[in-house]
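Read the structure below first, then the notes.
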Amino acid sequence: MSTWANLGLQDSASPLMEQLIFFHDHALLILVMITVLVGYLMFMLFFNSYVNRFLLHGQLIEMIWTILPAIILLFIAMPSLRLLYLLDEINEPSITLKSIGHQWYWSYEYSDFNNVEFDSYMIPTNELSNDGFRLLDVDNRIVLPMNSQIRILVTAADVIHSWTVPALGVKVDGTPGRLNQTNFFINRPGLFYGQCSEICGANHSFMPIVIESVPVNYFIKWISSTVNS
C-alpha cells in the first residue's frame, strides 16, 4: 500500500507489476535523455554568438530530426505492446473470483465453490482497531492463494466502478451489463490494498479492496471453513 512520502510506485507483488515498473523506468530514462538533449540545445542557441543568415535548408538535419524521433518511439512502443499482450493473456487459472461493484461496496463470489460469496464494506473510522488503516480496511477480506494463477471477473450492479489493486498491477473496469476479466499471479504472502478508481458517486472514496494472500493449504482450510459455516 502507499505510505507517507512515497515517491515511487508500490512494491510489486506480481510478475506483471514488476514488468510495469521496468517499463516505467525504461520510459522515464528515455524522457530524461530527451529533456537533457533539448535543454542543452536551447542553452547553446541562447548563449552562442554564431549567426548564419544564409542557412535556408539542411537535408541532413531534417533527416536526423525525422528519423531519431521515430527510433525513440519504437523503443517505447515495442515493450509497451509486449506488456499489453501479457496483461490480456489468461493462463489456465487455478481459481476464479467474481467481483461486483455497488454504490458503495464490493461483493465477491468464488465461482469454483458453492455458497462462497460475501459483501465487503469499509470499516468506519470509529470502529477501527488500533492497527487498522483508515479508509482502507474492510469487514470481509478477499482471501486468495499465493503462487497460483487467479482469474477475476468484474462487473457492476448500478454505475461504472473500477477494481484496482496497485501492488498487483490490476485495474479492471466494472460496467453494468458487461463482464470484464483479467488474471494475476501473487508471488508473496501479505495484505494488498486497493480502491475503486472510477468516480461512482458521493461515497466513491469509501470502497476499499483488501486481498489477503496466503499459502495454498491455508486457503483450502479457509474455503472449507467458509463452506461448512
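Backbone N, Cα and C define each Cβ position, glycine as well.
What Swiss-Prot says about this one:
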- HIS161, CYS196, CYS200, MET207: Cu cation A1 binding site (BINDING)
- CYS196, GLU198, CYS200, HIS204: Cu cation A2 binding site (BINDING)
- GLU198: Mg(2+) binding site (BINDING)
- 1-26: topological domain 'Mitochondrial intermembrane' (TOPO_DOM)
- 49-62: topological domain 'Mitochondrial matrix' (TOPO_DOM)
- 83-229: topological domain 'Mitochondrial intermembrane' (TOPO_DOM)
- 27-48: transmembrane segment (TRANSMEM)
- 63-82: transmembrane segment (TRANSMEM)
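Here HIS161 (Cu cation A1 binding site) is positioned 5 angstrom away from GLU198 (Cu cation A2 binding site), judged by their C-alpha atoms. Within 10 Å of the Cβ of MET207 (Cu cation A1 binding site) there are 27 other Cβ atoms, across all protein chains. Note: the Cu cation A2 site is recorded as CYS196, GLU198, CYS200, HIS204; in the same chain, GLY101, TRP104, VAL159, ILE160, HIS161, SER162, SER197, ILE199, GLY201, MET207 also have Cβ atoms within 8 Å of that site's Cβ centroid. Tertiary proximity for the topological domain 'Mitochondrial intermembrane' (1-26) is limited to same-chain residues at least six positions away from its ends with a CB under 8 Å from its CB atoms, namely 76, 79-80, 83, 86-87, 133, 136, 166-170, 184-188, 190-193, 213.
Listed in sequence order, TRP104, CYS196, GLU198 are the same-chain residues six or more apart from HIS204 (Cu cation A2 binding site) with CB atoms under 8 A from its CB. Helix first, then strand, then coil: DSSP counts for the topological domain 'Mitochondrial intermembrane' (1-26) stand at 12 helix, 0 strand, 14 coil. Taken residue by residue with DSSP, CYS196 (Cu cation A1 binding site) is part of a strand. According to DSSP, HIS161 (Cu cation A1 binding site) sits within a strand segment.
Fewest Cβ neighbours within 10 Å among the binding-site residues HIS161, CYS196, GLU198, CYS200: that distinction goes to GLU198.
Under the three-state DSSP scheme, HIS204 (Cu cation A2 binding site) falls in the helix class.
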